[in-house]
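Scroll down for the structure; my scribbles are underneath it.
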Amino acid sequence: MPLEAQDAVYVALELALAALSVTGNVLVCAAVGTSSALQTPTNYFLVSLAAADVAVGLFAIPFAVTISLGFCTDFHSCLFLACFVLVLTQSSIFSLLAVAVDRYLAVRVPLRYKSLVTGARARGVIAALWVLAFGIGLTPFLGWNDRKIATNCTEPGDAATNVSCCLIRCLFENVVPMSYMVYFNFFGCVLPPLLIMLVIYVKIFLVACRQLQRTELMDHSRTVLQREIHAAKSLALIVGIFALCWLPVHTINCASLFQPTWAKVKPKWAINTAILLSHANSAVNPIVYAYRNRDFRYTFHKIISRYILCRTHILKSGEGQVGSQPTLQLGL
C-alpha cells in the first residue's frame with residue numbers, strides 16, 4: 001500500500017474513532033447526570049474515565065493525526081501534543097484503579113461501605129488523580145525529552161545561527177525519549193496499576209464466592225452479593241479491554257528501546273495499528289456499559305429516544321392546547 005494511501009486510511013479510521021469516542025462517552029456522562037439511579041461513587045469514577053475518553057476523541061486523536069504527519073513546528077508545541085495523550089491515558093488508568101478499590105470495599109466491608117465511600121470523597125479522589133495524571137504526563141517538560149537530538153526542519157546553518165527559531169519534525173519519537181516511555185511511563189505508571197487491579201479483582205471474586213457459600217446468608221444479602229459480582233465482572237472486562245488495547249503500543253516501545261536496530265526498520269503499519277487499537281479503547285467502554293448494565297442501557301435508550309430521535313406523541317389537553325410526551329419502549 002503506498003504511503004499516501006496508508007496515511008489516508010489511518011486518518012480516516014482515527015476520525016471515525018474520534019466520533020465514536022465523543023458520542024459514546026458524552027452519552028455516559030449525560031446518563032449519570034440525568035439518572036439518580038446512576039449517581040453513585042462508582043459511576044463518578046466511570047464519568048472521570050468517560051471524560052478522559054471524550055478528551056481523547058476531541059484532542060488526543062487530532063493531535064496524534066497531526067503528529068503522524070510529521071509537520072514542522074517548535075519543539076515545545078510538539079512536546080505538548082505528544083504529552084497530552086499521556087495525561088489522558090494516565091487518568092484513565094487511575095480511574096480504573098479507583099473503581100477497582102471501590103468495588104473491593106463494597107464486597108469486603110459492605111456494612112461500612114456507604115460511610116467510607118461518599119460522593120464528596122469520590123470527587124476529591126478524582127480531582128487528586130487528575131492532578132497526578134497531569135504531573136506524570138507532563139514530566140518530559142521538566143527535561144526528560146529529546147530536544148538536543150530532535151531532527152529539525154531548517155538548514156543546519158540556520159539552526160546554528162538561531163537555535164530558538166529552529167523548527168523540528170513533529171513526530172512522537174522525535175520529542176519523547178523511549179527511556180521515558182518504557183521505564184517511567186510503562187514500567188512505573190501503567191504496569192503496576194494494571195497488576196494491582198488484577199490482584200484486586202481476583203480478591204473480589206474470592207471474597208464474594210466465600211460469602212455466597214455461607215448457608216446462613218440471607219436471601220437479600222445473597223442477591224446483593226450476586227449483583228456485586230456481576231458489576232465486578234463488567235468492570236474487570238473493562239480493565240481487560242484496556243490492557244489488550246494498550247499493551248501492543250507499549251510492546252512496540254519496549255522493542256524500540258531494547259532493539260535499536262529494529263526501531264529503525266519497524267513498519268509504519270504496525271505503529272499505526274497499535275495506535276489505532278489504543279484509541280479504540282476510548283470508544284469501547286460505553287458499549288460495555290450498555291451491554292452489561294441495565295440502568296445504563298435504560299438511560300441510554302431514554303436519552304436517545306427523547307433528545308436525539310425526538311420520539312414524542314401528541315396529546316390534546318383541553319381546547320386547542322397541544323402537548324407532547326416522550327414514548328419509551330424498552331425490551332429489557
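Positions of Cβ are set from backbone N, Cα and C atoms, glycine also.
Here's what Swiss-Prot has on this protein:
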- 1-8: topological domain 'Extracellular' (TOPO_DOM)
- 9-33: transmembrane segment (TRANSMEM)
- 34-43: topological domain 'Cytoplasmic' (TOPO_DOM)
- 44-67: transmembrane segment (TRANSMEM)
- 68-78: topological domain 'Extracellular' (TOPO_DOM)
- CYS78-CYS170: disulfide bond (DISULFID)
- 79-101: transmembrane segment (TRANSMEM)
- 102-121: topological domain 'Cytoplasmic' (TOPO_DOM)
- 122-144: transmembrane segment (TRANSMEM)
- 145-177: topological domain 'Extracellular' (TOPO_DOM)
- ASN152: N-linked glycosylation site (CARBOHYD)
- ASN162: N-linked glycosylation site (CARBOHYD)
- GLU173, ASN253, SER278, HIS279: adenosine binding site (BINDING)
- 178-202: transmembrane segment (TRANSMEM)
- 203-234: topological domain 'Cytoplasmic' (TOPO_DOM)
- 235-258: transmembrane segment (TRANSMEM)
- 259-266: topological domain 'Extracellular' (TOPO_DOM)
- 267-290: transmembrane segment (TRANSMEM)
- 291-332: topological domain 'Cytoplasmic' (TOPO_DOM)
- CYS310: S-palmitoyl cysteine (LIPID)
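Counting Cβ pairs closer than 8 Å and at least 6 residues apart in sequence, the transmembrane segment (235-258) and the transmembrane segment (79-101) reach three or more and so form a contact. Checking each of the recorded positions ASN152, ASN253, SER278, HIS279, CYS310 against CYS170 (disulfide bond) by C-alpha distance, the shortest gap belongs to ASN152. A sphere of 10 angstroms centred on the C-beta of CYS170 (disulfide bond) encloses 25 other C-beta atoms.
Using CA atoms as reference points, the recorded positions CYS78, ASN152, CYS310 were checked against ASN253 (adenosine binding site), and the closest is CYS78. Largest Cα-Cα distance over the residues recorded as binding adenosine, namely GLU173, ASN253, SER278, HIS279, equals 18 Å. Most Cβ neighbours within 10 Å, among the recorded positions CYS78, CYS310: CYS78 holds that distinction in the structure as shown. Here the recorded positions are ASN152, ASN253, SER278, and the one whose Cβ sees the fewest other Cβ atoms within 10 Å is ASN152. Of all the Cβ atoms in the protein chains shown, 17 others lie within 10 Å of the Cβ of GLU173 (adenosine binding site). Cα proximity to the residue listed as 'S-palmitoyl cysteine' (within 10 Å) is found for none of the recorded positions CYS78, ASN152, GLU173, HIS279. For the pair ASN152 (N-linked glycosylation site) and GLU173 (adenosine binding site), the C-alpha distance works out to 13 angstrom. Around HIS279 (adenosine binding site), the same-chain residues six or more apart in sequence whose CB sits under 8 Å from its CB are GLU14, LEU17, ALA18, SER21, VAL56, ALA60, ILE61, ALA64, listed in sequence order.
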